[in-house]
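Enquirer: What follows is a structure written as structure tokens; I'll ask about it next.
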Amino acid sequence: MILVLDVGNTNIVLGVYDDRELISVWRLSTDSKRTADEYGVQVIDLFLQSKLKPEDITGSIISSVVPTIMYSLEHMIIKYFQVSPIIVGPGVKTGINVKYDNPREVGADRIVNAVAAHEIYNRSLIIIDFGTATTFCAVTSAGDYLGGAICPGIKISSSALFEMAAKLPRVEIIRPQNIIGKNTVSSMQSGIVYGYIGQVDYIVKKMKMEMMDLGEEEPLVIATGGLAKLINEGTKSIDIIDSVLTLTGLRLIYEKNKE
């Protein structure tokens, strides 16, 4: 079995694979102040609750966009699972040809998603990840990572309204039935959610045009991340939602790099 970790700005998603089967998924808060032992105790407890044996873990891989937490997580895995994790970054085999001006600038999570989507669908792709930031990534049928777009996440946008506008309240992020709000809360929800849906539709439309101008077939649009289902309810731009796309990518990269 292998332990995979997708470390985001807000949450750490952990998955356990038995061969190619994902048998457990957990979500922890990202906290750079926590020690290896604090994370270790929590992860071991999750294993025991799921009736899994830590000693059955034979390998691990981490993708992270939070450098300050890596020391704790890497040493947690070494100490509590007796394996040295693969860290997704320069020098790790992915099978993806990154066409960015500076390939080192591309977030590990974006590469991991590209690996999974390319392996599964093997065609032109646009990958949307609704996380703390929302990312759009363009991948060709040959596996070239062309680049993409990075936007503030929905929760960041909502928090900014509350924090920067004195009279606006904090609101739950839900899609209101009507776009014309009848009160402050529904008006904010309309602007946040429908504004985001419009953003998705426009960026996907323009990315498709640019990719097809390069000779690619019309891309398939894959979405992942916690708010993908909410946005998908109001758009026809998304073809497939894959909630474990990043974990799948981590497993695939592990298989490409295991000794």
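A Cβ is built for glycine as well, from the same backbone N, Cα and C atoms used for every other residue.
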Enquirer: May I ask you to find which of THR68, THR94, THR132 Swiss-Prot records for the ATP site already listed with ASP6, VAL7, GLY8, ASN9, THR10, ASN11, ILE12, VAL13?
Expert: THR132
Enquirer: Long-range neighbours only, meaning 6 or more apart in sequence with Cβ under 8 Å: which ones does TYR100 (substrate binding site) have?
Expert: VAL106, TYR145, GLY147
Enquirer: Within 8 Å of the Cβ centroid of the ATP site residues ASP6, VAL7, GLY8, ASN9, THR10, ASN11, ILE12, VAL13, THR132, which other residues of the same chain have their Cβ?
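Expert: Near the ATP site, the remaining chain residues are THR30, VAL65, VAL66, GLY131.
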Enquirer: When DSSP is mapped onto helix/strand/coil, what comes out for THR132 (ATP binding site)?
Expert: coil
